[in-house]
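Annotated features, as they stand in TrEMBL:
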| type | residues | note |
| --- | --- | --- |
| TRANSMEM | 31-49 | transmembrane segment |
| TRANSMEM | 55-76 | transmembrane segment |
| TRANSMEM | 88-108 | transmembrane segment |
| TRANSMEM | 114-134 | transmembrane segment |
| TRANSMEM | 146-163 | transmembrane segment |
| TRANSMEM | 169-192 | transmembrane segment |
| TRANSMEM | 245-269 | transmembrane segment |
| TRANSMEM | 342-359 | transmembrane segment |
| TRANSMEM | 365-387 | transmembrane segment |
| TRANSMEM | 407-424 | transmembrane segment |
| TRANSMEM | 430-447 | transmembrane segment |
Amino acid sequence: MATADATTLAIETETPQSTTIVKSAGKTKKLTLIPLIFLIYFEVAGGPYGEEPAVQAAGPFLAILGFLIFPFIWSIPEALITAELSTAFPGNGGFVIWAHHAFGPFFGSMMGSLKFLSGVINIAAFPVLCIDYLEKLFPIFSHGKPRNIAISVSTLLLSFLNFTGLAIVGYVAVALGVISLLPFIIMSVIAIPSIRPKKWISMGQKGVKKDWNLFFNTLFWNLNFWDNVSTMAGEVEKPKKTFPVALLSAVILTCLGYIIPLMAVTGAVDVDQTEWESGYMANAARTISGQWLKYWIEIGAVLSGIGLFEAQLSSCAYQLLGMAELGFLPKFFGLRSKHFNTPWVGILLATVITLGVSYMDFTDIIGAANFLYSLGMLLEFSAFIWLRWKFPALERPYRVPMRLPALVIMCLVPSGFLVVIMVIATKIVYLISGLMTIGAIGWYFLIKYCKSKKWLEFNDGNQDKIDVL
């Protein structure tokens, strides 16, 4: 465990009157508000790259409607829950802590496994997305060995950048966010004279069948993972004050970053609906303003992919660090680099798994990540409601301004959508997700057995106690 001057995290013990203090390393340079906003932004979006399949799947009107409505039924509730629980439990571990203290160690472990696996699978999509844009500039990366090498090399290089430190990653995220968003702002302004609002109400071309699986998975994939930043709460400066402001700012930035370019392009450009695949925004930029902006957006896509990769790899690595500090994983999962003070074991493990799944089909990657994440979110919503009901007097620096019945309704609406996401999954997604869920259950009992036999060294998490009631 860390030294006595380290940042502390309050966690409930078996009795509702007290919490355990779990300490995390205090030498790390803390994240401030602006870098945190952009890290959250890259946890979730990173720009409108990847929203194009929603138009391909269901036409302009439903795509616009989806990106207008979905933030209210999904993104905002998830962000509110993250703000409340992250300020109540401001330390590394995030949602693992919430599930553990709501329902016990088994569910804490399951939450950790499901969210970690969904996270590393999701990370694998970003090098693939980068190469999808790069191949439009360099066709050699379109298939075969050059493409596979490019994906592997980019994954390894980006993982090394993450190894250099979270503060560096945060400021890199700010720079990447500005550079990758700017061309879409320019394109949207240039497109204004050409916009015909009647194009926004198009339900799609005749003869093109709606692909609801692709449509809902695209919305979900582009607007989820708000809670991932909770695993880094112990690395944030004044998290109880910083988190609510950062989450609100990131929600606004993300929603505007999606809807403005989408409405600009669908209103200004005539194109076959089937051409709205990942990467189409770059072609639309060429139509609207010329080749120079197309190149900028393609470069921006690569930079956005870097930001997304770095933000989500950080979350996965610090999640394992938090789980090790709390005794869910052996102590060596919490090892930090001597030079950069980063959780190198978590970064290494996440990178290896990411490389292993990076050669899957892009749609299957998204589907599997969404399925596992949906299971984790159902557990997270349940933990949030249970903690509000069981520990109403627990100190919450930020509290969602609703009573319990309203909170239940707020959670039921997105939960219904999660069920839809799982029902419409493909067979390969069911297979991958089923095997990983079984593996997560087996992992819990394996760790429990190792603890009983004392084969590995674990933190006990039993530190000083403080009153919460």
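Placed from the backbone N, Cα and C atoms, the Cβ positions cover glycine too.
The recorded stretches the transmembrane segment (88-108) and the transmembrane segment (365-387) share 3+ CB pairs below 8 A when only pairs 6 or more apart in sequence are counted, and are therefore in contact. Against the transmembrane segment (342-359), stretch 146-163 has more CB pairs under 8 A than any other of 146-163, 365-387, 407-424, 430-447. Counted over residue pairs 6 or more apart, the CB atoms of the transmembrane segment (114-134) and the transmembrane segment (146-163) come under 8 Å in at least three pairs, which marks the two as touching.
Away from its own ends, the transmembrane segment (245-269) comes close to residues 33, 36-38, 40-41, 44-45, 47-48, 51, 55, 60, 63-64, 67-68, 71, 75-76, 79-80, 82-83, 181, 184-185, 187-188, 191-192, 194-197, 199-200, 202, 222-223, 226, 229, 281, 284, 287-288 of its chain (Cβ-Cβ under 8 Å, at least six residues beyond either end). Sequence-distant residue pairs (6 or more apart) of the transmembrane segment (365-387) and the transmembrane segment (169-192) include fewer than 3 whose Cβ atoms are under 8 Å, leaving the two stretches without contact. Residues 73-74, 77-78, 80-81, 212-213, 216-217, 220, 370-371, 374-375, 377-378, 381, 384-385, 388, 400 of the same chain, all 6+ positions outside the transmembrane segment (407-424), place their C-beta atoms under 8 angstroms from a C-beta of that stretch.
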